[in-house]
Amino acid sequence: MLIVQKYGGTSVGNLERIEAVANRVIQSVKEGNKLVVVVSAMSGVTNELIEYANFFSKEPKANDLDMLLSSGERVTSALLSIALNEKGFKAISFSGRKAGIITNSVFTKAKIKYIDPSAIENELNNGKIVIVAGFQGVNEKGEVTTLGRGGSDLSAVALAGALNADLCEIYTDVDGVYTTDPRIEPKAKKLDRISYEEMLELASLGAKVLQNRSVELAKKLNVKLVTRNSFNDNEGTMIIQENGMEQALVSGIAMDKNQARIILRNIQDKPGIAAEIFSSIAKENINVDMIIQNVGIDGTTNLGFTVPENELELTKKAMKEILDSNIIIETDSAVVKVSIVGVGMKSHSGVASMAFKALANEGINIEMISTSEIKISMIVQEKYGELAVRALHEVYGLDK
Ligand code: ADP
Ligand code: ASP
Ligand code: MG
């Protein structure tokens, strides 16, 4: 089989861990597999590099940032290759560029345009294990780009698709996908299987066990995807098409801390205003999430919405260029989004009211709500986030 394995930050967190990963890779090769291995930066390194940049500037240029951040993954890939060669297994380390990953030019959150896997294929044909630095590519001018936080998952899935691999294994520091983050709720249950659709919602809503774009791409390219623990040999979670599965009412609870709420007061209640505001934000490639507009009084109204917390400053800057000076901008970064996901919601009623009651019982105020066919999201104060997750996990019986 041709397998793409990906090892996350904790899995390669120190030199002993990289050695353990080398041994896992060797075991898979001995079982007769051809391997492409995608690695993350050692845990904490990406954050540390961001801090280095912030020592000099609060708003470093994004292309400089990508040169800096991409280095973390290159360190790990080179070290893993060195370890494998020393153990007598032929390996070669590739940057994103050498791996043929071509992206657009949206630095720090680039999208993959296409992959030319020929260099990897050549080395596989030479009998080598190919180690690829995750999280990065180059644009068509040859400038280094990165794929957004958690982006090594995307590198792995995209390579698995381009190489037509038989399997993509995402190795991390928990046994697989749980009903909620097991670090928040120890009673969370590991799922043996989850549908792409539900996994995509959970990932998009903050369950960082898989990066959301990687799930989206795996679904699109039909990549066989499994998440497993690099610290043990347990089964893991298979991401599968929906058919034939028993449809749980609710399959998981997610929390996203990277949220900020913005309220604009005193905006004119007339056609075109919302379009103008949200276009100014979209120009900066910022994703606006929940939006609430109040009923207008006296020709003015209030508009509330959320953006990723790490893009709050950029959002304010983008809006200031078009907003009248009498508009009041209020912001709150101390909020989180908790969400309930389940395909079973499509055919059941009363799911939302259960959630509202569960939070009310804990005295937690819900500040914003949004729903879709298979999810309900609520904004609450950050200090209540974990409590809300546990309360919701319990009310839907996910610990049973
Ligand atoms: P890696 O560095 O391997 O990419 P991440 O830290 O990005 O690992 O993702 C793994 C973490 O995701 C786990 O340690 C866990 O705390 C968190 N997590 C959040 N939600 C879930 C969930 N539903 N199931 C499993 N893990 C989750
Ligand atoms: N090192 C990058 C990050 O911390 C990418 C990854 O780990 O997937 O976001
Ligand atoms: Mg990750």
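For all residues, glycine too, the Cβ spot is worked out from N, Cα and C.
TrEMBL has this to say about the protein:
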- LYS6, TYR7, GLY8, GLY9, THR172, ASP173, TYR178, ARG183, LYS208, VAL209: ATP binding site (BINDING)
- THR46, GLU73: substrate binding site (BINDING)
- 262-343: domain 'ACT' (DOMAIN)
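Projection of TrEMBL feature records onto the structure.
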residue: LYS6; record: ATP binding site; contacts (Cβ under 8 Å, 6+ apart): VAL37, VAL38, VAL39, SER40, GLY134, SER152, ASP153, SER155, ALA156, CYS168, GLU169, ILE170, TYR171
residue: GLY8; record: ATP binding site; contacts (Cβ under 8 Å, 6+ apart): SER40, SER43, SER152, ASP153, ILE170, TYR171, THR172, ASP173, SER230
residue: THR46; record: substrate binding site; contacts (Cβ under 8 Å, 6+ apart): GLY9, LEU69, GLY72, PHE135, ARG149
residue: GLU73; record: substrate binding site; contacts (Cβ under 8 Å, 6+ apart): VAL39, SER40, ALA41, GLY96, ALA133, GLY134, PHE135, GLN136, SER152
residue: TYR178; record: ATP binding site; contacts (Cβ under 8 Å, 6+ apart): ALA188, LYS189, LYS190, LEU191, VAL209, GLY252
residue: LYS208; record: ATP binding site; contacts (Cβ under 8 Å, 6+ apart): GLY150
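Spanning the residues LYS6, TYR7, GLY8, GLY9, THR172, ASP173, TYR178, ARG183, LYS208, VAL209 that the record associates with binding ATP, the maximal Cα-Cα distance equals 22 Å. Under the DSSP three-state reduction, GLU73 (substrate binding site) is assigned to helix.
This prediction places the mean pLDDT of the domain 'ACT' (262-343) at 92.
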